[in-house]
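Comments concern the structure below.
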Amino acid sequence: MTQRETDLRAQLAAGEVPAHVGIIMDGNGRWAELRGLPRLEGHRVGSESVRAITTAAREVGVKALTLYAFSAQNWARPGDEVEGLMELLRLYLLQERPTVMENGIRLRAVGDLDALPAGVREVLNDLARDSSANDGMILTLALSYGGREELVHAARRIAEDVAAGRLRPADVDAEAFASRLHSAALPDLDLCIRTSGELRVSNFLPWQIAYAEILVTEALWPEFREEAFFSALLDYRKRERRFGLTGAQVRGTIG
Ligand code: IPE
Ligand code: IPE
Ligand code: MG
């Protein structure tokens, strides 16, 4: 552990950390291309970052970590890249089992999971089931996930419930809507990190991101490790979250 990492850890231990952190893990392909390596090698090293960040998040007391691992739109990538990613995902789920269980992590997934290859679905379901009683940290993988797709699905469920007389139009409120999302169990995001410098959210959790603090780092995902993560958590602490109020209201200096 570097001196800087030790210092950051000590600072983190002394105050608030965001309860729910979401990460758009981007830049694997560029990381590999910059080194003249196949893109898949970037995804492989990226899975090592997943391991490092998951353990680090658990250690510093993050309650929920949601990782954007594969979007609904990523299916349109070249077939060999998609296949390679699915195999890496399967291996990750197999290899991570001990870490997940030893650290009391509860693993879940959100997205169109039926679209995943059976081999991936199986190991995913096994680990989700076996870790379901763990109460250390909830690790959610957004897989085959698309925010718009999810919103449309929820709207359809609302329409069906109204048409069947189970729900009155006047009762369609934020709560009724949120409860029909695939990601209904996920709380609002407090901090959303995106690696690789891109200033966009790429269809990630539109409902939960509404009031998230956003942090974009130039680091590419395979090189995003503990030190960068801890710096991001400390940066979050400096933010003033106002939720539409004035600064004075939030600081309690006026009613
Ligand atoms: C993120 O890295 C991983 C996935 C989207 C699956 P990319 O593969 O998007 O890497 P870049 O953006 O091409 O560098
Ligand atoms: C977002 O990255 C999806 C994941 C990190 C899984 P992309 O690389 O797919 O996003 P765009 O295409 O640059 O918006
Ligand atoms: Mg990308």
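Just so you know, glycine gets a Cβ as well, placed from its N, Cα and C.
Since we're looking at a predicted model, the values are computed, not measured.
In the three-state DSSP reading, ASP26 (active site) counts as coil. Within its own chain, ASP26 (active site) has ARG194, THR195, SER196, GLU198, SER202, LEU220, TRP221 as residues 6 or more apart in sequence whose C-beta sits under 8 angstroms from its own. TrEMBL lists ASP26 with the feature active site.
What TrEMBL records for ASP26, GLU213 is Mg(2+) binding site.
Within the same chain, residues at least 6 positions away in sequence whose Cβ sits under 8 Å from that of GLY29 (substrate binding site) are ARG39, GLY42, HIS43. If you look up TrEMBL, you'll see GLY27, ASN28, GLY29, ARG30, TRP31, ARG39, HIS43, TRP75, ARG77, ARG194, ARG200, VAL201, SER202 marked as substrate binding site.
Shown in sequence order, VAL82, LEU85 are the residues of the chain, 6+ apart in sequence, with a C-beta less than 8 angstroms from the C-beta of ASN74 (active site, proton acceptor). Annotation source TrEMBL lists active site, proton acceptor at ASN74.
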Exercise. Please name the residue among the binding-site residues HIS43, ARG77 whose C-beta has the most neighbouring C-beta atoms within 10 angstroms.
Key: HIS43
Quiz item: If one measures from the C-alpha of ARG200 (substrate binding site) to the C-alpha of GLU213 (Mg(2+) binding site), what distance in angstrom results, rounded to a whole number?
Solution: 13
Quiz item: So how far apart do the substrate binders GLY27, ASN28, GLY29, ARG30, TRP31, ARG39, HIS43, TRP75, ARG77, ARG194, ARG200, VAL201, SER202 get, largest Cα to Cα in Å?
Solution: 22
Quiz item: At the level of the C-alpha atoms, what whole-angstrom distance separates TRP31 (substrate binding site) and GLU213 (Mg(2+) binding site)?
Solution: 26
